[in-house]
Amino acid sequence: MSDISKASLPKAIFLMGPTASGKTALAIELRKILPVELISVDSALIYKGMDIGTAKPNVEELLAAPHRLLDIRDPSQAYSAADFRRDALAEMADITAAGRIPLLVGGTMLYFKALLEGLSPLPSADPEVRARIEQQAAEQGWESLHRQLQEVDPVAAARIHPNDPQRLSRALEVFFISGKTLTELTQTSGDALPYQVHQFAIAPASRELLHQRIEQRFHQMLASGFEAEVRALFARGDLHTDLPSIRCVGYRQMWSYLEGEISYDEMVYRGVCATRQLAKRQITWLRGWEGVHWLDSEKPEQARDEVLQVVGAIAG
């Protein structure tokens, strides 16, 4: 698409970044100044009843800056990148029709990628193939299957943990059904996003600062009642660790504690470590992202001003 064609497209803003980087605070600040409406891009914030452990914006924040695509699924339900793209495009069209600008904020990089580039069609699940994979896992262990994935699709294997059976199984299933790797298929773009997008990433300049913020926030969540929140989910009886909701960072570790698998101190340690690993993966995604403008979260006023400088012309 030519620059002239792009300039004629409606405008949108992406505000991306690792967990605990200050994305929400900046987005709320920007809404006070720019004619924007916020759309959440977060695979955990979609779930109802999962507020503390996901650092969901609180009532006051949502009154100041309503977020779309929050609380749209029960924790028992699945939600795919394709679901997100469909829903986000509908919300973006609604915002644009009202004469405002969509500001998409979050840290689920796969959702941003799906929205920006489109999705290639993946083969539907095959119960027979899935059963064969699960049988092999029962006999040889998921570590063995992870090594198998590493041989055929090292890129996906680097992204998928051996202790993530659902994603590991799906990656192998796609290969067995189609003969093509998940990486090959997901790199085949579908329909590109019909918007002129200004992309920003916010993070502390120092990784150590981000690690400190992650640890502080995890302890703040615990002090705010995170354990009680997960106990309520645990008590439902219909939720389990094969669900994407319960595999969310923090929830998986608290679940293990409630099941008596680990001590409280071990839960805290694992929760902090898992959150740091998530942040590392998010930053790795962003380092390879094209056309992104980096912001320093330790200088919030400067970050705000940089966004305004880049996108200020579109606010008129």
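Any Cβ shown, glycine's included, is placed from N, Cα and C.
Checking the ranges 21-25, 71-75, 166-170, 301-305 against Swiss-Prot, the region 'Interaction with substrate tRNA' annotation falls on 166-170. Cross-referencing 6-9, 42-45, 234-237 with Swiss-Prot places the feature region 'Interaction with substrate tRNA' at 42-45. Swiss-Prot lists region 'Interaction with substrate tRNA' at one of the ranges 31-36, 103-108, 247-252, namely 247-252.
According to Swiss-Prot, the feature region 'Interaction with substrate tRNA' maps to residues 280-287, out of the candidate ranges 56-63, 208-215, 256-263, 280-287. Nearest to Arg130 (site 'Interaction with substrate tRNA') in space, judged by Cα atoms and limited to the binding-site residues Gly17, Ser21, Gly22, Lys23, is Gly17. In three-state terms derived from DSSP, Arg130 (site 'Interaction with substrate tRNA') belongs to a helical segment. The highest number of surrounding Cβ atoms within 10 Å, among the recorded positions Thr24, Thr108, is found at Thr24. Neighbour density at the Cβ, taken as the number of other Cβ atoms within 10 Å, is lowest among the binding-site residues Gly17, Gly22 for Gly22. Thr19 (ATP binding site) counts 23 other C-beta atoms within 10 Å of its own C-beta, drawing on all protein chains shown.
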